[in-house]
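Engineer: Straight out of TrEMBL:
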type     : residues : note
DOMAIN   : 65-137   : domain 'Transposase Tc1-like'
DOMAIN   : 146-296  : domain 'Tc1-like transposase DDE'
DOMAIN   : 382-761  : domain 'Acyltransferase 3'
TRANSMEM : 322-340  : transmembrane segment
TRANSMEM : 389-410  : transmembrane segment
TRANSMEM : 422-449  : transmembrane segment
TRANSMEM : 470-488  : transmembrane segment
TRANSMEM : 533-553  : transmembrane segment
TRANSMEM : 565-583  : transmembrane segment
TRANSMEM : 603-621  : transmembrane segment
TRANSMEM : 633-655  : transmembrane segment
TRANSMEM : 675-692  : transmembrane segment
TRANSMEM : 713-729  : transmembrane segment
TRANSMEM : 741-763  : transmembrane segment
Amino acid sequence: MDTTPEEAAQVVALLQQGLSQRAVAAQLHLSQSAVSRVYRRFQETGAFNRRPRTGRHRCTSERDDRFIVSTSLRNRHLTGVDVQQELRRVRQVAVSEWTVRRRLKEANLTPKRPASGPKLTAGHRQARLQFAREHLDWSIAQWRSVLFTDECRVCLHGSDRRGRVYRRPGERFAQCCFAETVAYGGGSCMMWAGISLEGKTALVFVPGGGRGGGLTADRYITDILLGHVVPYAEFVGEDFVLMHDNARCHTARVSRQFLREKELRTMDWPALSPDLNPIEHLWDELKRRVRARNPVPASVDELKTALLEEWDGIPQETVKKLISVIFGLIGLLTLISTTYDINHCFLLKRDPKTANALYRSFSVYTNCKRLVTVTSSPSTIECLDGIRVLAMAWVILGHTYSTLGAFPLANPLARQEWLESWHSILITAAPITVDTFFLLSGLLVVYTTAGKFKRMDLIKNVHLFYLNRLLRMFPILAAAILLIASWYNHVADGPYWSVFASKVDRCRTYWWSTLLYVQNYTNQSKMCVGQGWYLAVDMQLHILSPLVLFWVLSGRRAAWTSMTLVLIASLTAATVYNAVNGFSAKIVGNTRDYFRLYYMNTLTRASPFFVGMLYGYVLYLTKNQKLHLKKPLLLALWSISTLILTCTILVTYPVQQSSWRHRLADTMLNSFLRPLWAAAVGWIVFACHKGYGGPLNWFLSLRFWKVPARLSYAMYIFHYAILNIVNYTHLAPVHFSDEAFLFRFIADFSLALFVAFFATLLIDSPCSTLIKMALTQGRKEVQQKTTEKNAEAEIVSNVYTDKSRL
């Protein structure tokens, strides 16, 4: 046994210390002969290491080695035996196959399975190079809009020929080392899917057989494009790009015509380039997951089930776990707080006022009692509750028709006929109800602020004004974003579900634009909370409102002048903007630019807010005063208000006709219809509050409206998600009819009310309590007005309470 240099050095050192060779061998666990050889070598050469030996002579010369390498490089497909025979034929040198392999390995040439791919011509290579150059400078944002699609065939008993087995000599045909094959793969299925940086589509199985799995151009349009690509494109927005290869069903004339009609852009894909498509890697991963299942699928049906399950499992983001922890913590706080509250009030039978407000903040009992307790005061505008609830119902009704009607219909012609008929006017006019909320926001911001602030006090406390507005809207909105970003795509399933679930990635990417209330200008086609554009516009108007409130608090003349000038400036700017851009007045079927540049634009939606500020100031001036209006004046005002409301609704009928072409009328309607509606609704609020509403005031002031009005903000946030959850679980085209959609509206409204109740109870109410405690520095009663500081905190809190809910 030879020794290492370290062992040899130790041997010499110990021997020089006087130890015997036997003792050194025992200590270092070496043989005595090895110790003797080391010491003899040291005495002869003065070194520990063995002298280098010449070794066995190479059976090939340097020239032979170069020949072996050059022969292999000239034809990479030659085997070791082929190179061996060529060396023997040309240079008359006989060596073994292993010698040839060693020489090639010394030249860094090792045998590998060749990568396979389509046979490319010079034109194909040029097209691939051109494609790479065109997309070399694309940003991540551009690639995010591309949907990569492809079809793939999976055999039941197929093999990718990548598997390896470790076997002993003679075990080649052993059962444990043998892979059985079945003719034609034992059955197969053809599937289609698409992936993008925003998410992935559903896995669609294409029925039929033959090449392409029976995917014809007609079937590609109905089953793939119409059922999955078009809804996905609507979610992505105007930047959507479809990538599909040059298969016959993709390039057929009818397919290209359909894509042009739907305004879907396609990526010019070079021929014979499947390796450029990133979905190929996902196909490999999917097949590996299916083959790794235990037991393996035994039939085509089991194979399809396995493919669907594994497809849904790619990937599983850890963000869901984090968000689950957040909501789990809320549930734990609710349980602890409710237990404390019940123990204090019922078991110990103590006065609830003596309980710790912080410990009770998440109590279900206290928050539920506070939520359903109905109180009123002379300064409260009672009719606002009824208006708020009815307006919210109209919003949900309009969204029920718009979301469900956008799906594939069993009777699409019936929808078009309905759209141009009188039956549709309540639905086509539904977007006007948003201006009711803008009116109420402007009205309340003046009514609750004027008289309680002086203009310098407003400037000093403007940070509280903004902070309260942001904090009170934040909890429910943030909860909705967290839910959409985590559990949204696991609530249900259906043929269109993957398209709907793409909103998960959208919320994970663009959540910040929603929470900063800028999504009406940023990422407009990729909103996390689609209806949140209203919150953005409303927040932006409230940010600007102190500029007007400063003059409102400076005296009557300054107040009237400032609010009138702001309203006139808003109307003028909106009119010029509409005239320059030439927006159509119709809502249904309008272009994306209409919604992006007009419908969600703060400039064009500001006038109802300023109309509301005027009404709020009038209500403030007449507060605690009994007005005496003459009957002719009342009759005239009620007639004008009713006429405006009626005409606003009826005018949508001619506008929605396909023959409508009146640009000047469009400009006037877009500029003045919404402030006129706000003025008419504002008169209803004023008349009802001042005792001139009659039966209408009685109806709008019913206590029945109190609780739904408190839930209206949460209803607005969650109702659109509820509609989509129900809609995207449909298994077949929807039959369009007013009766069916009306029943759907009743169900949607009830479900939204149910969800909003628990969202308000578990999230909004506790957060509101904590915010009030923070603003009053831990004092239990916000309503105390013994100090100026507490009064200011109460005023700001009341302003926010009135404005934060729709």
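From the backbone N, Cα and C atoms, a Cβ is placed for every residue, glycine too.
TrEMBL annotations: computationally assigned, not manually curated.
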Engineer: Do at least three CB pairs under 8 A connect the transmembrane segment (633-655) and the transmembrane segment (675-692), leaving out pairs fewer than 6 apart in sequence?
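Structural biologist: In this chain the transmembrane segment (675-692) contacts the transmembrane segment (633-655) - 3 or more Cβ pairs sit under 8 Å.
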Engineer: Tell me, roughly as an integer, the mean pLDDT over the domain 'Transposase Tc1-like' (65-137).
Structural biologist: 85
Engineer: Looking at the stretches 389-410, 422-449, 603-621, 633-655, 741-763, which one shares the most CB pairs under 8 Å with the transmembrane segment (322-340)?
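Structural biologist: If we count Cβ pairs closer than 8 Å to the transmembrane segment (322-340), 741-763 scores highest.
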Engineer: Mind checking which residues reach the transmembrane segment (633-655)? Cβ under 8 Å, same chain, six or more beyond either end.
Structural biologist: 422, 424-426, 428-429, 432, 584-587, 666, 669, 673, 676-677, 679-681, 683-684, 687, 692
Engineer: In the same chain, who gets a Cβ under 8 Å from the transmembrane segment (422-449) while lying at least 6 residues past its ends?
Structural biologist: 381, 384, 387-388, 391, 394-395, 397-398, 401-402, 458, 534, 537-538, 541-542, 545, 549, 552-553, 586-588, 599, 605-606, 608-613, 615-617, 619-620, 648-650, 652-653, 655-656, 673-675, 677-678, 681-682, 685, 738, 795, 798-799, 802-803, 806
Engineer: Check for me, if you would, whether the transmembrane segment (470-488) reaches the transmembrane segment (603-621) - at least 3 Cβ pairs under 8 Å, residues 6 or more apart in sequence.
Structural biologist: no
Engineer: Which of 389-410, 533-553, 565-583, 603-621 shares the most C-beta pairs under 8 angstroms with the transmembrane segment (741-763)?
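Structural biologist: Result: 389-410.
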Engineer: Using a Cβ cut-off under 8 Å, which residues of the same chain at least 6 positions beyond either end of the transmembrane segment (565-583) come close to it?
Structural biologist: 548, 590, 593-594, 597-598, 601, 603-604, 606-607, 610-611, 613-614, 663, 666-668, 670-672, 675
Engineer: Could you check whether the transmembrane segment (533-553) and the transmembrane segment (389-410) come into contact, where contact means at least 3 Cβ pairs under 8 Å with the two residues of each pair 6 or more apart in sequence?
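Structural biologist: No, since the transmembrane segment (533-553) and the transmembrane segment (389-410) share fewer than 3 Cβ pairs closer than 8 Å, they do not count as touching.
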Engineer: Grab the same-chain neighbours of the transmembrane segment (603-621) for me: Cβ-Cβ under 8 Å, and only residues 6 or more beyond its ends, written as numbers and ranges.
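Structural biologist: Residues 381, 434-436, 438-447, 450-451, 537-538, 541, 545, 548, 552, 556, 559-560, 563-564, 566-567, 570-571, 573-574, 577-578, 670-671, 674-675, 677-679, 682, 685-686, 689.
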